[in-house]
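Enquirer: Take a look at this one; I'll ask things after.
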Amino acid sequence: MKKGAMQKSKQWNVKGAVRLASVFHFLHSCGSGCLLPFLTLYFRHLGLSAAMIGIIMASKHLLALLWRPFSSVLARQYDKRRTVIVGSLLSSALVVLPLLLFPSAGILVESGRCNTSQPDADPTLPLAVIEQMTVPVGSNATVYSVNQTSVSTNQTLEDNTLVNHSRSARGLRSLKKEEEPHSEFLGSLKVMDAQHQMFFLVLLVTALWEFVAVPLEWTADDGLYEYLDFVDATDRHSGVKVWKHVGAAFGSCLVGVLVTNLFCRIGNSVEFYSYTVLMILTVPASALLPIYLRKRERPTSGGFKALQLVHGNPQAILCAVTVILTGMVTSAVSDFLLWLMQDCGAMEIHMGICLALAHLSHTGFSPIAGPLSRFLKYHGWMLVLAVVGLAMQCLYYSFLWSPWAVMPAQLLAGFSTGALWWSVTSQSEDIATPGTEKTILRLFEAFSLDMGAALGSLIAGFVVQKFGVNVLFQGASVMLAVWSSALAVLKWKIPRQRRINYSRLLAADTEVSESESDQEKDWLETAMEDDRRNNKWTVNKS
């Protein structure tokens, strides 16, 4: 019996579980930081326009919005969480590599870095004519597209016609039904110019990559949360998020240094290879990741319940609108800030350090969040400050004059993001019923990181295509400034409704009772002793 108890206590090792989860999220975030922030730069290198890149990124976010919660539910229902995590790591590491096979359809500002001409660097395009495209005002970059000659297209069609006529009539009839959809697909590709062909292929690969990569985060997070919840240690779960930001900062800085030093040898492929290597290195950590499956099933209407709670609270509705708007602006910044830095002469090392600074400043917000919240006396005012900070950040970006000048704005970006999610977390706790806190917080995350990000990427792509990056950031700053003023007035006018959370009250009462000295007695024991003394005094008197 004693041996079984020892095995059980060894099995539920909370500190070890948190350490393993921290290592896992550090490696995974490090790999993501090596590639995701630089993805739009690589698409620009391929010759895609800003509008095309906006459509690709918007499709990526929309796919995540739909597939992430559904895949998380399926992994839990069939008890395949670890399989999903390992499969997602390996698949995403391999699926992203075909993007390196696409030849560059453009000559960008970095073409003069290695003292070699760009046409010589792309010998795979002998039948192409490089035509310069008009760049919107406000951008210093020159983008080129590649259009195939009509001679090569007509020659290909003639060759296909000869081959088709050489087949027998019976063979044509049998192949017509089988290859008609395939022929229509290839025919539509042949009609497109080289730039649209590139856009269509990149969109397919990116969608497939997102499909295999997106189930990992929620699946791993759910397994750890339920593991800690089983042993009443969910307060340790928030400590894991810090390592996500540290890993992303390390990955961005590392790949910036590597690309800057190895660009003339292997070009932009360093980012992809770094991502693949780190995803594979994360697999052993995922095999040891603590995952627990509850025997009882959760209610399937958790998402609808969270929507009802948000819809029924005016303050929560304001918070939802705010996270959608901030998600739009944050997505636009993440997609096109590096474009602006590249136009100012920045190299990847500048970009990596600036991205790392934003992540580290986000982690540095936690120590001051408590005192700042007590000073403001209401977390809703911190939400207003976050919107104001993001507006100032975008305005600063629009007047960027050198690569290193972005660093003050990156410091402000980390604090603005930290203040935003601190306020959102507090708002989720205010309206949550027991067991719905995490679901409501994820609903706000989906509003911001998926829905808002999709709208922001789509709109930002067309704005940059038409007016330039500077106008994009100025417009985002004006929009956030107007909303921050309206938000402050509405926060002041709308009464605050806070639901009583009995689980938090019980936890607070437990902490208070544990901090009391042993000499102090429970109120029930004191009342019983007083009653006994009163009864004894009455008996003696009689």
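Keep in mind that glycine also has a Cβ here, set from the backbone N, Cα and C atoms.
In case it's useful when we look at the structure, here is the feature table from Swiss-Prot:
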type: TRANSMEM; residues: 46-66; note: transmembrane segment
type: TRANSMEM; residues: 89-109; note: transmembrane segment
type: TRANSMEM; residues: 198-218; note: transmembrane segment
type: TRANSMEM; residues: 246-266; note: transmembrane segment
type: TRANSMEM; residues: 272-292; note: transmembrane segment
type: TRANSMEM; residues: 321-341; note: transmembrane segment
type: TRANSMEM; residues: 352-372; note: transmembrane segment
type: TRANSMEM; residues: 381-401; note: transmembrane segment
type: TRANSMEM; residues: 404-424; note: transmembrane segment
type: TRANSMEM; residues: 444-464; note: transmembrane segment
type: TRANSMEM; residues: 469-489; note: transmembrane segment
Enquirer: Answer with yes or no whether the transmembrane segment (272-292) touches the transmembrane segment (246-266) by the criterion of at least three Cβ pairs under 8 A, sequence separation 6 or more.
Expert: yes
Enquirer: Any contact between the transmembrane segment (352-372) and the transmembrane segment (272-292), i.e. 3 or more CB pairs below 8 Å with pairs at least 6 residues apart?
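Expert: No, the stretches stay apart by this measure.
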Enquirer: For the transmembrane segment (321-341) and the transmembrane segment (46-66), check the count of CB pairs under 8 Å (sequence separation 6 or more) and say whether it reaches 3 or more.
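Expert: As far as Cβ distances go (cut-off 8 Å, pairs 6 or more apart), the transmembrane segment (321-341) and the transmembrane segment (46-66) touch.
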Enquirer: Is it true that the transmembrane segment (444-464) and the transmembrane segment (46-66) have 3 or more CB pairs under 8 Å, sequence gap of 6 or more?
Expert: yes
